[in-house]
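Lifted from TrEMBL, the feature list:
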| type | residues | note |
| --- | --- | --- |
| DOMAIN | 44-293 | domain 'Orn/DAP/Arg decarboxylase 2 N-terminal' |
| BINDING | G242, E286, P287, G288, R289, Y386 | pyridoxal 5'-phosphate binding site |
| BINDING | R289, R325, Y329, E358, Y386 | substrate binding site |
| ACT_SITE | C357 | active site, proton donor |
Amino acid sequence: MADGEGWPTSTDNPAVRRLSDWPAEPLRDLADEFGTPLYALDLDRVKANTGRLRSAFPEADLSYAVKANTTRPVLETLANRGVGAECAAAGEVQRSLAAGFPPHRVRYTAVNPPARDLDYVCGLDDAGGMILTVGAMDTLNRVAERGFDGRLCVRINPGVGAGHHAKVSTGAEPKFGVPYDRAATVARRAADRGFELVGLHAHAGSGIAGDDLSDHRELVRRMGTLAADVEDRLDFVAVGGGFGVPYREDDPALDLDAVAAATREAYAEGWRGGANDTAPPQLAIEPGRYFVADAGVLLTTVNTVKPTPETTVVGVDAGMTTLVRPAMYGSYHAIRGLEPDTPRRELVPCDVSGPVCETADVLGRDRSLPDPARGDLLAVGNAGAYGYEMSSNYNSRPRPAVVAVEHGEPRLVARRETLADVTRFEAEAEDS
Ligand SMILES: Cc1ncc(COP(=O)(O)O)c(C=O)c1O
Ligand SMILES: N[C@@H](CCCC[NH3+])C(=O)O
(Lines of atoms letter the chains of each structure in order from A and count residues from 1; the text may use other names and numbers.)
(Lines give C-alpha, C1' and ligand atoms only; values in the text may rest on other atoms or scores of the structure.)
(Ligands and ions follow the chains in the order given, each with its own letter.)
Protein backbone atom coordinates (compact mmCIF):
# COMPACT_ATOMS: atom_id res chain seq x y z
CA MET A 1 0.00 0.00 0.00
CA ALA A 2 1.47 3.38 -0.93
CA ASP A 3 1.78 6.13 1.67
CA GLY A 4 -1.58 7.71 2.49
CA GLU A 5 -3.35 5.74 -0.23
CA GLY A 6 -6.57 3.90 0.27
CA TRP A 7 -7.29 4.76 3.92
CA PRO A 8 -9.53 7.57 5.06
CA THR A 9 -7.07 10.15 6.36
CA SER A 10 -6.83 11.65 9.81
CA THR A 11 -7.73 15.09 8.47
CA ASP A 12 -11.02 13.64 7.32
CA ASN A 13 -12.55 13.72 10.78
CA PRO A 14 -16.22 12.75 10.76
CA ALA A 15 -17.89 11.89 14.06
CA VAL A 16 -18.12 8.26 13.12
CA ARG A 17 -16.43 5.76 10.85
CA ARG A 18 -18.78 2.99 9.87
CA LEU A 19 -17.75 -0.42 8.57
CA SER A 20 -19.01 0.59 5.13
CA ASP A 21 -16.55 3.54 5.15
CA TRP A 22 -13.49 1.27 5.21
CA PRO A 23 -11.95 0.78 1.76
CA ALA A 24 -12.05 -2.90 0.80
CA GLU A 25 -8.87 -3.23 -1.20
CA PRO A 26 -6.34 -2.30 1.50
CA LEU A 27 -8.14 -4.65 3.90
CA ARG A 28 -7.83 -7.47 1.35
CA ASP A 29 -4.12 -6.64 1.02
CA LEU A 30 -3.69 -6.92 4.78
CA ALA A 31 -5.45 -10.29 4.87
CA ASP A 32 -3.24 -11.51 2.00
CA GLU A 33 -0.08 -10.37 3.74
CA PHE A 34 -0.83 -11.31 7.37
CA GLY A 35 -3.53 -14.01 7.12
CA THR A 36 -6.79 -14.25 9.10
CA PRO A 37 -8.22 -13.91 11.65
CA LEU A 38 -6.57 -10.52 11.85
CA TYR A 39 -7.26 -7.34 13.79
CA ALA A 40 -6.40 -4.25 11.74
CA LEU A 41 -6.03 -0.95 13.60
CA ASP A 42 -5.87 2.44 11.93
CA LEU A 43 -3.72 4.67 14.15
CA ASP A 44 -4.70 7.76 12.19
CA ARG A 45 -8.29 7.17 13.24
CA VAL A 46 -7.19 6.89 16.89
CA LYS A 47 -5.53 10.30 16.49
CA ALA A 48 -8.68 11.77 14.91
CA ASN A 49 -10.83 10.40 17.77
CA THR A 50 -8.41 11.96 20.26
CA GLY A 51 -8.75 15.31 18.48
CA ARG A 52 -12.54 15.17 18.70
CA LEU A 53 -12.50 14.34 22.41
CA ARG A 54 -10.11 17.24 23.01
CA SER A 55 -12.22 19.75 21.14
CA ALA A 56 -15.44 18.67 22.86
CA PHE A 57 -13.85 18.76 26.34
CA PRO A 58 -11.14 21.44 26.10
CA GLU A 59 -11.21 22.11 29.84
CA ALA A 60 -10.95 18.47 30.96
CA ASP A 61 -8.00 16.29 31.79
CA LEU A 62 -8.14 13.51 29.20
CA SER A 63 -7.06 9.94 29.96
CA TYR A 64 -7.43 6.72 28.01
CA ALA A 65 -8.95 3.64 29.70
CA VAL A 66 -6.17 1.36 28.59
CA LYS A 67 -8.27 -1.81 29.00
CA ALA A 68 -10.01 -1.12 25.69
CA ASN A 69 -6.87 -1.85 23.67
CA THR A 70 -3.39 -2.20 25.13
CA THR A 71 -1.45 -2.81 21.93
CA ARG A 72 1.82 -0.93 22.01
CA PRO A 73 1.25 1.42 19.04
CA VAL A 74 -2.10 2.57 20.42
CA LEU A 75 -0.52 3.31 23.81
CA GLU A 76 2.43 5.08 22.18
CA THR A 77 0.15 7.14 19.95
CA LEU A 78 -1.83 8.38 22.96
CA ALA A 79 1.19 8.85 25.24
CA ASN A 80 2.77 11.02 22.54
CA ARG A 81 -0.32 13.19 22.49
CA GLY A 82 -0.22 13.94 26.21
CA VAL A 83 -3.25 11.78 27.05
CA GLY A 84 -3.12 10.08 30.49
CA ALA A 85 -3.45 6.33 31.13
CA GLU A 86 -6.26 5.00 33.31
CA CYS A 87 -5.25 1.47 34.33
CA ALA A 88 -7.20 -1.38 35.91
CA ALA A 89 -4.34 -3.72 36.77
CA ALA A 90 -0.60 -3.86 37.41
CA GLY A 91 -0.08 -5.25 33.92
CA GLU A 92 -1.76 -2.21 32.40
CA VAL A 93 0.40 0.09 34.52
CA GLN A 94 3.51 -1.76 33.37
CA ARG A 95 2.47 -1.54 29.72
CA SER A 96 1.58 2.14 29.99
CA LEU A 97 4.91 3.07 31.56
CA ALA A 98 6.77 1.00 28.98
CA ALA A 99 4.90 2.74 26.15
CA GLY A 100 6.01 6.15 27.39
CA PHE A 101 3.20 7.52 29.58
CA PRO A 102 5.03 9.60 32.20
CA PRO A 103 4.27 8.25 35.70
CA HIS A 104 2.42 11.42 36.72
CA ARG A 105 -0.04 10.77 33.84
CA VAL A 106 -0.80 7.21 35.01
CA ARG A 107 -3.70 6.34 37.34
CA TYR A 108 -4.21 2.87 38.72
CA THR A 109 -7.81 2.24 39.75
CA ALA A 110 -7.61 -0.66 42.18
CA VAL A 111 -10.76 -2.80 42.36
CA ASN A 112 -10.31 -5.61 44.92
CA PRO A 113 -6.62 -5.45 43.99
CA PRO A 114 -4.67 -8.69 44.25
CA ALA A 115 -1.65 -8.36 46.58
CA ARG A 116 0.71 -8.76 43.62
CA ASP A 117 -0.79 -5.71 41.92
CA LEU A 118 -0.40 -3.55 45.02
CA ASP A 119 3.12 -4.85 45.64
CA TYR A 120 4.07 -3.92 42.09
CA VAL A 121 2.49 -0.47 42.06
CA CYS A 122 3.55 0.54 45.58
CA GLY A 123 7.05 -0.81 44.97
CA LEU A 124 7.72 1.08 41.74
CA ASP A 125 10.94 3.06 42.04
CA ASP A 126 10.05 5.43 39.27
CA ALA A 127 6.38 5.92 40.17
CA GLY A 128 6.87 9.67 40.72
CA GLY A 129 3.47 11.26 40.74
CA MET A 130 1.45 8.20 39.76
CA ILE A 131 -2.07 8.22 41.19
CA LEU A 132 -3.57 5.29 43.02
CA THR A 133 -7.35 5.17 43.17
CA VAL A 134 -8.91 3.19 46.02
CA GLY A 135 -12.55 2.21 46.32
CA ALA A 136 -12.65 0.77 49.85
CA MET A 137 -11.29 1.60 53.31
CA ASP A 138 -9.76 -1.86 53.26
CA THR A 139 -7.78 -1.02 50.12
CA LEU A 140 -6.62 2.22 51.73
CA ASN A 141 -5.28 0.21 54.69
CA ARG A 142 -3.46 -2.21 52.40
CA VAL A 143 -1.90 0.68 50.50
CA ALA A 144 -0.81 2.28 53.80
CA GLU A 145 0.72 -1.04 54.94
CA ARG A 146 2.91 -0.96 51.84
CA GLY A 147 4.15 2.53 52.66
CA PHE A 148 2.55 4.17 49.62
CA ASP A 149 3.25 7.89 49.84
CA GLY A 150 2.16 8.96 46.37
CA ARG A 151 -0.95 10.75 45.20
CA LEU A 152 -4.30 9.24 46.11
CA CYS A 153 -7.76 9.34 44.59
CA VAL A 154 -10.93 7.88 46.11
CA ARG A 155 -13.37 6.00 43.92
CA ILE A 156 -16.99 6.68 44.72
CA ASN A 157 -20.01 4.49 44.15
CA PRO A 158 -22.34 7.21 42.92
CA GLY A 159 -25.45 5.03 43.12
CA VAL A 160 -26.33 5.62 39.44
CA GLY A 161 -25.17 3.40 36.64
CA ALA A 162 -25.50 3.32 32.86
CA GLY A 163 -24.26 1.21 29.97
CA HIS A 164 -25.07 -0.87 26.92
CA HIS A 165 -25.65 -3.98 29.07
CA ALA A 166 -26.31 -4.70 32.76
CA LYS A 167 -22.96 -6.54 32.81
CA VAL A 168 -21.04 -3.31 32.21
CA SER A 169 -23.14 -0.87 34.24
CA THR A 170 -20.83 -0.22 37.17
CA GLY A 171 -22.07 2.96 38.85
CA ALA A 172 -24.56 1.37 41.22
CA GLU A 173 -22.85 -2.00 41.66
CA PRO A 174 -21.62 -2.38 45.28
CA LYS A 175 -18.35 -3.87 44.07
CA PHE A 176 -17.16 -0.51 42.77
CA GLY A 177 -16.21 2.39 45.01
CA VAL A 178 -17.02 3.77 48.43
CA PRO A 179 -20.78 4.21 48.94
CA TYR A 180 -21.73 7.81 48.17
CA ASP A 181 -22.95 8.69 51.65
CA ARG A 182 -19.69 7.51 53.25
CA ALA A 183 -17.45 9.00 50.60
CA ALA A 184 -16.75 12.41 52.14
CA THR A 185 -15.79 10.74 55.46
CA VAL A 186 -13.46 8.25 53.77
CA ALA A 187 -11.86 11.00 51.68
CA ARG A 188 -11.29 13.14 54.80
CA ARG A 189 -9.92 10.18 56.70
CA ALA A 190 -7.45 9.49 53.91
CA ALA A 191 -6.27 13.10 54.05
CA ASP A 192 -6.04 12.96 57.87
CA ARG A 193 -3.82 9.90 57.61
CA GLY A 194 -1.32 11.88 55.58
CA PHE A 195 -2.21 10.70 52.08
CA GLU A 196 -1.98 13.36 49.41
CA LEU A 197 -5.62 13.29 48.34
CA VAL A 198 -5.77 14.74 44.83
CA GLY A 199 -8.96 13.46 43.31
CA LEU A 200 -12.35 11.78 43.40
CA HIS A 201 -13.42 9.26 40.81
CA ALA A 202 -16.61 7.58 39.58
CA HIS A 203 -17.63 5.70 36.46
CA ALA A 204 -21.24 5.05 35.47
CA GLY A 205 -20.56 2.20 33.05
CA SER A 206 -19.71 1.50 29.46
CA GLY A 207 -21.64 2.40 26.34
CA ILE A 208 -23.58 5.53 27.33
CA ALA A 209 -25.89 6.50 24.50
CA GLY A 210 -26.71 10.08 23.50
CA ASP A 211 -30.50 9.71 23.65
CA ASP A 212 -30.55 9.43 27.43
CA LEU A 213 -27.93 11.30 29.37
CA SER A 214 -29.96 11.53 32.58
CA ASP A 215 -27.90 8.98 34.54
CA HIS A 216 -24.65 10.49 33.32
CA ARG A 217 -25.86 13.95 34.38
CA GLU A 218 -26.92 12.69 37.77
CA LEU A 219 -23.56 11.02 38.35
CA VAL A 220 -21.66 14.17 37.42
CA ARG A 221 -23.94 16.36 39.54
CA ARG A 222 -23.42 14.11 42.57
CA MET A 223 -19.65 14.21 42.05
CA GLY A 224 -19.72 18.02 41.90
CA THR A 225 -21.64 18.15 45.18
CA LEU A 226 -19.30 15.68 46.82
CA ALA A 227 -16.22 17.58 45.68
CA ALA A 228 -17.58 20.67 47.41
CA ASP A 229 -18.23 18.62 50.58
CA VAL A 230 -14.65 17.40 50.78
CA GLU A 231 -12.78 20.15 52.52
CA ASP A 232 -9.39 19.33 51.03
CA ARG A 233 -8.45 21.09 47.82
CA LEU A 234 -8.71 18.50 45.08
CA ASP A 235 -6.86 18.64 41.76
CA PHE A 236 -9.51 16.79 39.77
CA VAL A 237 -12.85 15.03 39.75
CA ALA A 238 -12.91 12.09 37.32
CA VAL A 239 -16.35 11.26 35.98
CA GLY A 240 -15.33 8.13 34.08
CA GLY A 241 -15.59 7.14 30.46
CA GLY A 242 -18.30 5.10 28.84
CA PHE A 243 -19.01 7.21 25.75
CA GLY A 244 -20.83 4.95 23.34
CA VAL A 245 -20.16 4.41 19.64
CA PRO A 246 -22.71 3.35 16.99
CA TYR A 247 -22.42 -0.40 16.37
CA ARG A 248 -25.23 -0.72 13.84
CA GLU A 249 -24.69 0.92 10.48
CA ASP A 250 -27.73 3.15 10.99
CA ASP A 251 -27.18 3.99 14.68
CA PRO A 252 -26.69 7.74 15.15
CA ALA A 253 -23.24 8.96 16.12
CA LEU A 254 -22.82 10.07 19.72
CA ASP A 255 -23.13 13.85 19.91
CA LEU A 256 -19.94 14.47 21.85
CA ASP A 257 -20.60 18.20 22.16
CA ALA A 258 -23.97 17.48 23.74
CA VAL A 259 -22.36 15.03 26.19
CA ALA A 260 -19.72 17.62 27.02
CA ALA A 261 -22.33 20.35 27.55
CA ALA A 262 -24.41 18.05 29.80
CA THR A 263 -21.29 17.13 31.77
CA ARG A 264 -20.27 20.75 32.23
CA GLU A 265 -23.75 21.86 33.28
CA ALA A 266 -24.27 19.00 35.73
CA TYR A 267 -20.85 19.54 37.28
CA ALA A 268 -21.46 23.26 37.83
CA GLU A 269 -24.91 22.48 39.24
CA GLY A 270 -23.49 19.98 41.73
CA TRP A 271 -20.65 22.28 42.73
CA ARG A 272 -22.87 25.33 43.21
CA GLY A 273 -25.39 23.17 45.07
CA GLY A 274 -22.55 22.71 47.56
CA ALA A 275 -22.74 26.51 48.10
CA ASN A 276 -19.15 27.03 47.12
CA ASP A 277 -18.18 30.08 45.15
CA THR A 278 -14.60 29.04 44.30
CA ALA A 279 -13.75 27.33 41.01
CA PRO A 280 -14.31 23.55 41.09
CA PRO A 281 -11.47 21.06 40.65
CA GLN A 282 -10.65 20.20 37.04
CA LEU A 283 -12.98 17.69 35.40
CA ALA A 284 -11.30 14.50 34.23
CA ILE A 285 -12.65 12.01 31.70
CA GLU A 286 -11.31 8.57 30.80
CA PRO A 287 -12.98 7.01 27.76
CA GLY A 288 -11.67 3.76 26.36
CA ARG A 289 -13.98 2.59 23.60
CA TYR A 290 -14.37 6.03 22.01
CA PHE A 291 -10.66 6.30 21.22
CA VAL A 292 -10.32 2.94 19.49
CA ALA A 293 -13.58 1.16 18.61
CA ASP A 294 -14.06 2.48 15.08
CA ALA A 295 -10.30 2.45 14.45
CA GLY A 296 -10.35 -1.35 14.23
CA VAL A 297 -11.81 -4.10 12.10
CA LEU A 298 -11.56 -7.85 12.45
CA LEU A 299 -10.85 -9.71 9.21
CA THR A 300 -12.01 -13.29 8.95
CA THR A 301 -12.22 -15.91 6.20
CA VAL A 302 -15.21 -18.08 5.34
CA ASN A 303 -14.33 -21.76 5.64
CA THR A 304 -17.77 -23.41 5.50
CA VAL A 305 -21.07 -22.56 3.82
CA LYS A 306 -24.00 -24.69 4.95
CA PRO A 307 -27.56 -24.03 3.77
CA THR A 308 -30.11 -25.16 6.40
CA PRO A 309 -33.89 -24.78 6.52
CA GLU A 310 -33.51 -21.89 9.00
CA THR A 311 -30.62 -19.95 7.52
CA THR A 312 -27.32 -20.28 5.71
CA VAL A 313 -24.60 -20.97 8.24
CA VAL A 314 -21.42 -19.18 7.28
CA GLY A 315 -18.52 -20.71 9.20
CA VAL A 316 -15.52 -18.41 9.67
CA ASP A 317 -12.08 -18.67 11.23
CA ALA A 318 -12.82 -16.07 13.95
CA GLY A 319 -15.18 -16.79 16.81
CA MET A 320 -15.91 -16.01 20.43
CA THR A 321 -12.27 -16.63 21.32
CA THR A 322 -11.32 -13.87 18.86
CA LEU A 323 -14.16 -11.42 19.62
CA VAL A 324 -16.23 -12.34 22.66
CA ARG A 325 -18.60 -9.35 22.77
CA PRO A 326 -21.47 -10.95 20.76
CA ALA A 327 -21.36 -14.08 22.94
CA MET A 328 -20.84 -12.22 26.21
CA TYR A 329 -23.23 -9.29 25.91
CA GLY A 330 -25.25 -10.17 22.81
CA SER A 331 -23.49 -7.22 21.18
CA TYR A 332 -24.11 -6.37 17.56
CA HIS A 333 -21.10 -5.85 15.27
CA ALA A 334 -21.65 -5.01 11.62
CA ILE A 335 -20.32 -7.63 9.17
CA ARG A 336 -19.49 -6.97 5.54
CA GLY A 337 -18.22 -8.99 2.57
CA LEU A 338 -14.97 -7.68 1.08
CA GLU A 339 -14.71 -9.63 -2.18
CA PRO A 340 -14.44 -7.41 -5.30
CA ASP A 341 -17.58 -8.91 -6.84
CA THR A 342 -19.79 -8.60 -3.74
CA PRO A 343 -21.87 -5.75 -5.20
CA ARG A 344 -23.01 -8.15 -7.94
CA ARG A 345 -23.92 -11.03 -5.63
CA GLU A 346 -27.41 -11.72 -4.41
CA LEU A 347 -28.00 -11.06 -0.69
CA VAL A 348 -28.56 -14.18 1.42
CA PRO A 349 -29.79 -14.41 5.05
CA CYS A 350 -26.96 -15.87 7.14
CA ASP A 351 -25.66 -16.67 10.60
CA VAL A 352 -21.93 -15.99 10.79
CA SER A 353 -20.50 -18.56 13.19
CA GLY A 354 -17.09 -19.32 14.62
CA PRO A 355 -15.25 -22.60 15.19
CA VAL A 356 -15.85 -22.88 18.95
CA CYS A 357 -18.00 -25.62 20.51
CA GLU A 358 -20.53 -23.23 22.07
CA THR A 359 -23.94 -22.24 20.77
CA ALA A 360 -23.05 -18.66 21.72
CA ASP A 361 -20.21 -18.70 19.19
CA VAL A 362 -22.05 -16.63 16.59
CA LEU A 363 -20.55 -13.31 15.48
CA GLY A 364 -23.77 -12.22 13.80
CA ARG A 365 -27.25 -13.70 13.49
CA ASP A 366 -29.77 -12.98 10.74
CA ARG A 367 -27.37 -11.01 8.61
CA SER A 368 -27.76 -10.29 4.94
CA LEU A 369 -24.52 -11.12 3.17
CA PRO A 370 -23.57 -11.30 -0.52
CA ASP A 371 -24.04 -14.96 -1.48
CA PRO A 372 -21.15 -16.39 0.57
CA ALA A 373 -18.55 -18.80 -0.77
CA ARG A 374 -15.68 -20.63 0.88
CA GLY A 375 -12.57 -18.42 0.91
CA ASP A 376 -14.48 -15.12 1.04
CA LEU A 377 -13.05 -12.40 3.22
CA LEU A 378 -15.39 -10.72 5.72
CA ALA A 379 -14.84 -7.68 7.92
CA VAL A 380 -16.36 -7.18 11.37
CA GLY A 381 -16.74 -3.56 12.42
CA ASN A 382 -15.93 -1.60 15.59
CA ALA A 383 -13.45 -4.25 16.62
CA GLY A 384 -10.82 -1.83 17.94
CA ALA A 385 -12.21 -1.77 21.49
CA TYR A 386 -12.48 -4.84 23.72
CA GLY A 387 -11.74 -7.14 20.78
CA TYR A 388 -8.19 -8.51 20.82
CA GLU A 389 -8.07 -7.39 24.43
CA MET A 390 -10.73 -9.91 25.49
CA SER A 391 -9.60 -12.72 23.20
CA SER A 392 -8.82 -16.06 24.81
CA ASN A 393 -7.27 -19.47 24.25
CA TYR A 394 -10.50 -21.40 24.96
CA ASN A 395 -10.68 -24.62 22.91
CA SER A 396 -6.87 -24.28 22.75
CA ARG A 397 -7.28 -21.77 19.96
CA PRO A 398 -4.28 -19.57 19.22
CA ARG A 399 -4.99 -15.84 19.45
CA PRO A 400 -5.14 -13.89 16.17
CA ALA A 401 -2.54 -11.46 14.83
CA VAL A 402 -2.83 -7.67 15.08
CA VAL A 403 -1.58 -5.21 12.52
CA ALA A 404 -1.45 -1.42 12.91
CA VAL A 405 -1.62 0.93 9.96
CA GLU A 406 -0.27 4.48 10.08
CA HIS A 407 -0.17 6.80 7.04
CA GLY A 408 -1.20 3.74 5.04
CA GLU A 409 1.82 1.69 6.17
CA PRO A 410 1.04 -1.59 7.94
CA ARG A 411 3.19 -3.10 10.68
CA LEU A 412 2.67 -6.25 12.67
CA VAL A 413 2.13 -5.48 16.36
CA ALA A 414 1.15 -8.89 17.70
CA ARG A 415 2.05 -12.02 15.83
CA ARG A 416 -0.44 -14.80 15.36
CA GLU A 417 -0.09 -17.40 18.11
CA THR A 418 0.90 -20.91 17.10
CA LEU A 419 -0.22 -24.24 18.52
CA ALA A 420 3.07 -24.31 20.44
CA ASP A 421 2.18 -20.97 22.06
CA VAL A 422 -1.01 -22.45 23.43
CA THR A 423 0.90 -24.81 25.73
CA ARG A 424 3.85 -22.58 26.51
CA PHE A 425 2.97 -21.97 30.15
CA GLU A 426 2.32 -25.59 31.06
CA ALA A 427 4.55 -26.81 33.85
CA GLU A 428 6.63 -29.69 32.60
CA ALA A 429 5.58 -33.03 34.04
CA GLU A 430 7.91 -33.99 36.84
CA ASP A 431 10.17 -36.94 36.14
CA SER A 432 9.08 -39.77 38.36
C1 LIG B 1 -13.11 2.80 35.74
C2 LIG B 1 -13.35 2.79 34.27
N3 LIG B 1 -13.02 3.87 33.55
C4 LIG B 1 -13.19 3.91 32.21
C5 LIG B 1 -13.75 2.84 31.54
C6 LIG B 1 -13.88 2.97 30.05
O7 LIG B 1 -15.11 2.71 29.57
P8 LIG B 1 -15.40 2.91 28.02
O9 LIG B 1 -14.47 2.03 27.27
O10 LIG B 1 -16.80 2.50 27.88
O11 LIG B 1 -15.17 4.34 27.72
C12 LIG B 1 -14.13 1.69 32.25
C13 LIG B 1 -14.81 0.55 31.57
O14 LIG B 1 -16.02 0.51 31.54
C15 LIG B 1 -13.93 1.66 33.65
O16 LIG B 1 -14.24 0.59 34.35
N1 LIG C 1 -15.77 -5.00 27.95
C2 LIG C 1 -16.92 -4.15 27.83
C3 LIG C 1 -16.74 -2.74 28.29
C4 LIG C 1 -15.80 -2.44 29.41
C5 LIG C 1 -16.22 -2.80 30.77
C6 LIG C 1 -15.16 -2.39 31.73
N7 LIG C 1 -15.62 -1.56 32.81
C8 LIG C 1 -17.44 -4.18 26.40
O9 LIG C 1 -16.89 -4.85 25.58
O10 LIG C 1 -18.41 -3.55 26.09
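Each Cβ is built from the backbone N, Cα and C atoms, and glycine gets one as well.
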Calculate the distance in Å between the alpha carbons (Cα) of R325 (substrate binding site) and G288 (pyridoxal 5'-phosphate binding site), and round it to a whole number. 15
Residues near E286 (pyridoxal 5'-phosphate binding site) in space but at least six apart in sequence (CB under 8 A): L62, S63, Y64, A65, G84, E86, R107, H203, A238, G240, G241
From the recorded positions listed here (G288, R325, C357, Y386), select those whose CB sits under 6 A from an atom of ligand 2. R325, Y386
Taking ligand 1 as the reference and 6 angstroms as the Cβ limit (strictly under), which binding-site residues among E286, P287, R289, Y329 are close? E286, P287, R289
How many neighbouring Cβ atoms, not counting its own, are there within 10 Å of the Cβ of Y386 (pyridoxal 5'-phosphate binding site)? 24
When distances run from the Cα of R289 (pyridoxal 5'-phosphate binding site) to each of the recorded positions Y329, C357, E358, the nearest one: Y329
Ordered by sequence, the long-range same-chain Cβ contacts of C357 (active site, proton donor) under 8 Å (at least 6 apart) are N395
Counting other Cβ atoms within 10 Å of each residue's Cβ, which of the binding-site residues G242, P287, G288 comes out lowest? G288
If the pyridoxal 5'-phosphate binders are G242, E286, P287, G288, R289, Y386 per the record, what's the largest distance between their Cα atoms, in Å? 15
If you measure every Cα to Cα distance among R289, R325, Y329, E358, Y386, the residues said to bind substrate, what is the biggest one in Å? 27
Within 8 Å of the Cβ centroid of G242, E286, P287, G288, R289, Y386, the other same-chain residues by Cβ around the recorded pyridoxal 5'-phosphate site are A65, K67, A68, S206, G241, F243, Y290, F291, A385
Within the same chain, the residues at least 6 apart in sequence whose Cβ is under 8 angstroms from that of E358 (substrate binding site) are M320, A327
Which one of these binding-site residues has the most other Cβ atoms within 10 Å of its own Cβ: R289, R325? R289
With an 8 Å cut-off on Cβ-Cβ distance and a minimum sequence separation of at least 6, pull the same-chain contacts of Y329 (substrate binding site), or say none. H164, H165, K167, V168
